Amino acid sequence: MVSHGSSPSLLEALSSDFLACKICLEQLRAPKTLPCLHTYCQDCLAQLADGGRVRCPECRETVPVPPEGVASFKTNFFVNGLLDLVKARACGDLRAGKPACALCPLVGGTSTGGPATARCLDCADDLCQACADGHRCTRQTHTHRVVDLVGYRAGWYDEEARERQAAQCPQHPGEALRFLCQPCSQLLCRECRLDPHLDHPCLPLAEAVRARRPGLEGLLAGVDNNLVELEAARRVEKEALARLREQAARVGTQVEEAAEGVLRALLAQKQEVLGQLRAHVEAAEEAARERLAELEGREQVARAAAAFARRVLSLGREAEILSLEGAIAQRLRQLQGCPWAPGPAPCLLPQLELHPGLLDKNCHLLRLSFEEQQPQKDGGKDGAGTQGGEESQSRREDEPKTERQGGVQPQAGDGAQTPKEEKAQTTREEGAQTLEEDRAQTPHEDGGPQPHRGGRPNKKKKFKGRLKSISREPSPALGPNLDGSGLLPRPIFYCSFPTRMPGDKRSPRITGLCPFGPREILVADEQNRALKRFSLNGDYKGTVPVPEGCSPCSVAALQSAVAFSASARLYLINPNGEVQWRRALSLSQASHAVAALPSGDRVAVSVAGHVEVYNMEGSLATRFIPGGKASRGLRALVFLTTSPQGHFVGSDWQQNSVVICDGLGQVVGEYKGPGLHGCQPGSVSVDKKGYIFLTLREVNKVVILDPKGSLLGDFLTAYHGLEKPRVTTMVDGRYLVVSLSNGTIHIFRVRSPDS
C-alpha cells in the first residue's frame with residue numbers, strides 16, 4: 001500500500017484500474033469528475049442522473065447536476081492525458097502488426113506511409129526511419145524528442161512522454177491548452193484567449209501551477225494528517241470491537257456453563273427429591289401392609305367366632321345351646337376385650353417446598369453489567385492482560401454464588417487462568433468434579449492455542465476483525481434432550497480465519513467443505529475456481545489442482561482421491577489434480593451436493609431429487625429416491641451428507657424438510673416443523689454420535705437435531721459471530737466448521753454433555 005507521503009508512479013496509474021469506469025467497468029470515455037473527485041464516463045453519469053441530482057456510486061455523496069447537463073461537470077484532463085498515452089501505446093496497424101508513418105502520406109501524397117520505427121514525443125506522431133532521421137532538421141522541431149517505437153510501446157518513455165504531452169482544448173481541436181484565466185479558473189488555448197477572455201488576466205500554465213501548487217500541497221498535508229488520525233481512530237475502534245467480541249464470547253461461554261451448571265444441579269436435585277419421595281412411600285407402604293395383615297387376621301378370627309355363635313343360636317336346640325354357652329361366652333368376651341380398632345399409624349404426607357426465588361420473576365440468576373472499557377496500551381508487560389482479564393475476574397468474584405445442599409457452587413479461578421480454564425465447577429449425582437477434571441475438558445487437549453500466562457492472550461489476534469456481527473439476541477440455553485437423558489452438545493469456539501489468499505482475484509465464495517486428511521479441511525472456492533487446503537488452526541496448505549475452467553461447487557474427500565461437482569458434472573481427481581473419471585449429471589438443477597460414504601470408497605451425489613452412489617472406478621453402485629418411488633418428483637436435495645451410522649441426511653427444498661434415510665432409501669426420520677423459522681433448510685453435518693447440525697442461513701443459526709430428526713434446540717446463533725452461514729462440515733466427528741458468506745471460516749468444538 002502506498003503511504004501518504006509517497007507519490008504514486010505513472011506505471012501504477014496506467015496498469016491499475018485507475019482508468020476504468022467503476023460503473024461500466026470499461027475504459028473511461030469522455031471522463032467527467034464529480035465534486036467528490038470520483039471520475040466516470042459522461043454517458044454513465046447521464047444514466048445515473050435522476051431528478052437533477054447524481055449519487056456517486058463509490059462515496060454515496062449526492063451532487064446537483066448543472067443546468068447544462070452532466071457534460072458541464074469538470075473535464076478530467078489528467079485522466080484524458082493518461083488515456084491518450086495508453087491509446088498511443090496501443091495504436092497501430094493491427095493487420096500488419098506495425099503502425100504506419102504519419103508523415104509519409106503528407107510528404108509523398110500516398111494513402112499509407114511506410115512502417116513506423118520511431119515516435120516523436122512532442123508531435124505524438126509515429127515516424128518511419130527516413131522521416132525520423134530528418135524530423136529534427138527544422139527550426140520548429142529541432143528540440144523534439146524522437147525515440148524508438150518498440151521502447152515507447154513497451155513503456156520505457158512514459159514519464160518523458162507525459163512531460164512533453166500537451167493537453168488539447170476540447171473547443172478547438174488541435175490547439176494545446178496554454179493559459180489559465182484567473183477570474184474564470186478556466187484552461188485556455190490561444191483561440192480561447194482571443195475570444196471571451198481577451199480582457200481577463202491570464203497566466204501561462206507553468207506559472208499558474210507554481211503559484212497554486214503550494215496551496216494545494218498545504219491542503220493535501222492537512223488531509224494527510226486527518227488520514228493519520230482517522231487510521232488511528234479506526235485501529236482503536238477495531239481493537240475496541242475485537243475486545244468487545246472477545247469479552248462477549250468469554251461471557252457467553254460463562255453464561256452457558258453457568259446455565260448448564262444450574263441445570264445439572266436442578267436435575268440432580270430432582271433425582272434426589274424423587275429418590276427421597278420413593279423411599280418414603282415404600283417405607284410407608286411396607287408398614288401399612290404389616291398393619292393390614294394383622295387387622296385382616298383379627299377380622300377373620302372374630303368373624304369365624306361370631307358366625308359359629310350365630311349358627312348355634314339359630315339352629316341349636318335348648319340343650320345344645322346351654323351346653324356351649326360357657327365356651328361361646330368366654331370366647332366372645334375374650335374377643336371383645338382385644339383392641340379391635342387400633343389407631344392408625346402416623347402417615348407423613350409429602351409436601352414440596354419451592355425456593356421463593358424460583359417463582360420470583362425479579363430473581364435473576366444471571367445478570368449482565370456493562371462497564372466502560374479503558375484504552376489499552378500496546379506495551380503491557382506481565383500482568384497487563386486484556387480488558388476482560390483481571391476486571392472480569394474481580395467481577396466474577398463479587399457475584400453471589402449459587403448454593404444448594406450437596407449441589408453446585410460456581411467458583412472463580414485464579415487470575416492467571418484464561419476464560420476457557422475458568423470453568424464453573426458442577427456436580428454430577430455422585431459428587432463434584434475436581435478442577436483438574438474440568439481443565440481436562442477444555443480444547444487445549446486437542447491442540448488448541450495455549451494461553452499466555454500473565455501477558456496478552458494470543459487469541460485476541462484471532463478474534464480481531466474476524467467476527468463481523470454480534471447480535472443482540474440472547475445466547476441460546478441448551479436444555480435436556482427430548483428423552484430427558486442429560487444435556488445437549490454445546491459449542492466451544494476454537495478459531496477463526498479468512499480464506500482469501502494473495503493470489504485470489506475475487507472475493508471467495510465458499511460452496512463446499514469437507515475434512516481432508518488429519519486435522520485438515522478442503523474448501524471449494526467457486527469464485528476463484530480453487531480447492532484450498534487449510535489446517536484446523538487456519539494455516540494455508542496450498543491447493544488441490546482442478547481441471548482448467550472448472551468451478552468446484554460441492555466437494556468430498558475419499559481414499560486418496562477428491563470428488564467434486566462442477567457445471568453438471570461429477571469429477572474424481574487424485575491429490576495431484578489428475579482426473580480419474582468424470583460423469584455427466586442432470587441439468588435440471590443448478591448445483592449438485594456431494595458426500596463421501598463412511599467407508600471412504602464411494603461418493604454420493606444428489607441428482608434431480610434422487611441420490612446416486614458411485615464407486616472409485618466411476619461405476620454406478622446404487623440409486624434411490626428418499627421415500628421410494630412414491631416420492632418421485634417430490635424431492636429436491638440441495639445439501640447432502642452422511643452419518644457414521646451409514647445414513648444419508650439431506651436438505652429437501654421441495655418439501656422444506658430435513659430427511660434422513662438409509663442406504664436403500666427408506667426414510668428413517670424427517671423434520672419439517674416450526675423450528676425452521678420458515679427458512680429453507682441449509683447445509684447439514686453429522687457428528688460421531690449422529691447428532692445433525694442444520695444451517696438456517698436467513699436467521700443466522702445452526703440448530704441441532706437428534707439422529708431421528710427431532711429438533712432439540714439452537715446450537716449456534718448470531719451471538720456466536722454467525723453472519724449468513726453458508727456451508728458446514730464435521731471434522732474428526734467433533735469439530736464443526738462453518739463458512740460465512742464473506743469467506744470467513746469459524747471452527748467450533750462440539751462438546752458432548754458427558755465429557
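Cβ atoms are placed via backbone N, Cα and C, with glycine included.
In Swiss-Prot, the feature zinc finger is placed on 164-205, out of the ranges 164-205, 206-247, 332-373, 710-751. For the residues Ser475, Ser551, Ser643, Swiss-Prot attaches the annotation phosphoserine to Ser475, which does not rule out the feature elsewhere. Check Swiss-Prot against the ranges 21-60, 581-620 and you find zinc finger recorded for 21-60. Across the zinc finger (21-60), DSSP assigns 7 helix, 11 strand, 22 coil. The list of residues near the zinc finger (164-205) in space but at least 6 beyond its ends in sequence, with Cβ under 8 angstroms from a Cβ of it, reads 75, 77, 80-81, 84-85, 121-122, 124, 145, 211.
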